[in-house]
Structure formats: C-alpha cells, structure tokens
C-alpha cells in the first residue's frame, strides 16, 4: 500500500508540472515580469525557456522514480526527449520572432500541446503508440489504460493553450472592464433598452460577461454528472494515473467555478467585475480547460461503458 501511495504522488507531480505549469508557463513568466515591472523586457521569453527547462528537469526526475518504484526497465526516453525538444523549440521560436501573428500562436499552441501529451504519457510509462495502434493496445494493456486516463487532461490543456492564443490576439488586455461611477450615472439616464446596449459596449473588447455567467451555470451540472459517472466507474480506478486524472479534473473544475463566479457583477449590471486583465485571462483559460476536460471525460467514460458491455469475441481479453 505504501508503494501505491508513493506512485500516486509521483504521478500527481508529473500531471501538475505538465498539464498546469508547463502548459501555463507563458502566463506564469509574464505575471512574474509584470510584478517586478519588467513586462516590456525582451528577457521574459528567455525566462519562459529557463522555467520550462527547470520544470522538465523535475519531470525527468519523477519519471526515473516511477520506473524505479515499478521495478521495470527504463522505458520511453526517446518519446520523452522528443517532447522535450518540441517544448523547448516552441520557446526558442518565440525568442527569435518575438510577438507573432495569430496563426503562429495557434500553431505554437498546438505544438506545445503535442509536447505535453508525449511528455505526460512517456513520463508515466505509457507508450503513446497505444493511442493509435490496436496491436499496441493489445500488447500493452497497462500502457493503454494509462494513456486513456491522460486524454481528458491533454484535451483540457489544448483548450487552455488555444484559449490563451485567442485572448492574446482577439481581446484587448486594457479594455474597460469595470465602468466608472460617472459613466454609470450617465447610462442610467438613458432609456432601458439603450442602457443594456451601452453597458454591453463597455466590455466589447474584453470577454463577454455572459460567457462567465453561462460557465458558472454549466460547471455545477458537469460536476454533478461526473460525480455520478465516477461513482459508477469507481471500481475501475485502480491505476495511479486514473486516480490522479480524476483528482486533477475535479480540482480544475472547482477552481474554474470559483474563477467564473469571481468575475460576475455583484450588482447584476455593467461589465464583469474582473480585477485586472490578468484576472480575466486566468478565468477565461481555466474555465475553458475545465469544460473541455469534463466533456472529454464524459465521452471517454461512455465509450468505456460501451466497449465493456460488448460481448468478448476471438482472443479478446475480459477483465
């Protein structure tokens, strides 16, 4: 039992470092440089590269520990170094080109997600080939079990990275998000139908407040649904990667709900009450990540239920 708990801790560290820290390294480094008043410095991109190398060094250490605990040979380092090269290559590209066009941001986000996917699978001793090859799945059932558990985390990271690219290129970080009292007094003198139009225009360059309102309504429903589903499939959560995936998914959804609620106007009108552009950015990306993680998990569970209910044929293995 002690060994199992230790494996859970190692796997949890891998997932947090990759799905949260590495996927959000731009946000973390940018926030640090903003705090110290060096947001315009060209060094912040180099800071992202340094931070990613430090994170990946920690992930490599955890991968070695997982291998030692499980007692098998060291595996999948070729895949791991491929993911390492892609992640560092994306950072190096931004150092060279600086602020890039939206298309470059989208491609870079996709490349980073691919790196996170390869790194996460190989770090928990799960061969990425099982995701695409039925022969590999049959030969390595434990690897496939772990790979399938990481899919919702990877899809959520993809949504967060693409959401960050959308926010950077299509929203205005300096948009007016909390209306000044004198402006609200002027709007209050307008007819009611014009008030709603004027209030909506105040935040037209930021994230629409209705987005966060709908997220705050949808996430509790998704949490309830996942709670029922995970309770039904609880007997199948035997592998450390499955347990950690469940824990991280529910934790991200709870955090996203708190962030969505924190943006809603307390008075029921006007712009969403975000504290700063960073507040809106974090809330937007985390809520996207949570929704896509939840939806992917539900689809994955339904597919698992369908496959487990099919009668075994030929040389199929039944659990």
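Quick reminder: no glycine exception, Cβ is built from N, Cα and C everywhere.
These come from TrEMBL:
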TRANSMEM  12-32  transmembrane segment
TRANSMEM  44-64  transmembrane segment
TRANSMEM  76-97  transmembrane segment
TRANSMEM  103-126  transmembrane segment
TRANSMEM  147-167  transmembrane segment
TRANSMEM  218-237  transmembrane segment
TRANSMEM  244-261  transmembrane segment
TRANSMEM  281-303  transmembrane segment
Field: Listed stretch, out of 12-32, 44-64, 76-97, 103-126, that has the most CB pairs under 8 angstroms to the transmembrane segment (244-261)
entry: 12-32
Query: List, by number or range, the same-chain residues at least 6 past the transmembrane segment (281-303) whose CB is under 8 A from its CB atoms?
result: 24, 27, 148, 151-153, 155-160, 162-164, 167, 173, 207, 211-212, 215, 218-219, 222-223, 225-226, 229-230, 233, 249, 252-253, 255-257, 259-260, 262-263, 274
Message: Please determine whether the transmembrane segment (44-64) and the transmembrane segment (103-126) are in contact (criterion: at least three Cβ-Cβ distances under 8 Å, sequence separation 6 or more).
response: yes
- line: Residues outside the transmembrane segment (147-167) whose C-beta sits under 8 Å from one of its C-beta atoms, at least 6 past its ends, are 15, 18-19, 23-24, 26-27, 102, 105-106, 108-110, 112-113, 116-117, 120-121, 124, 126-128, 130-131, 207, 239, 241-242, 244-245, 248-249, 252, 280-281, 284-286, 288-294, 296-297, 300, 304
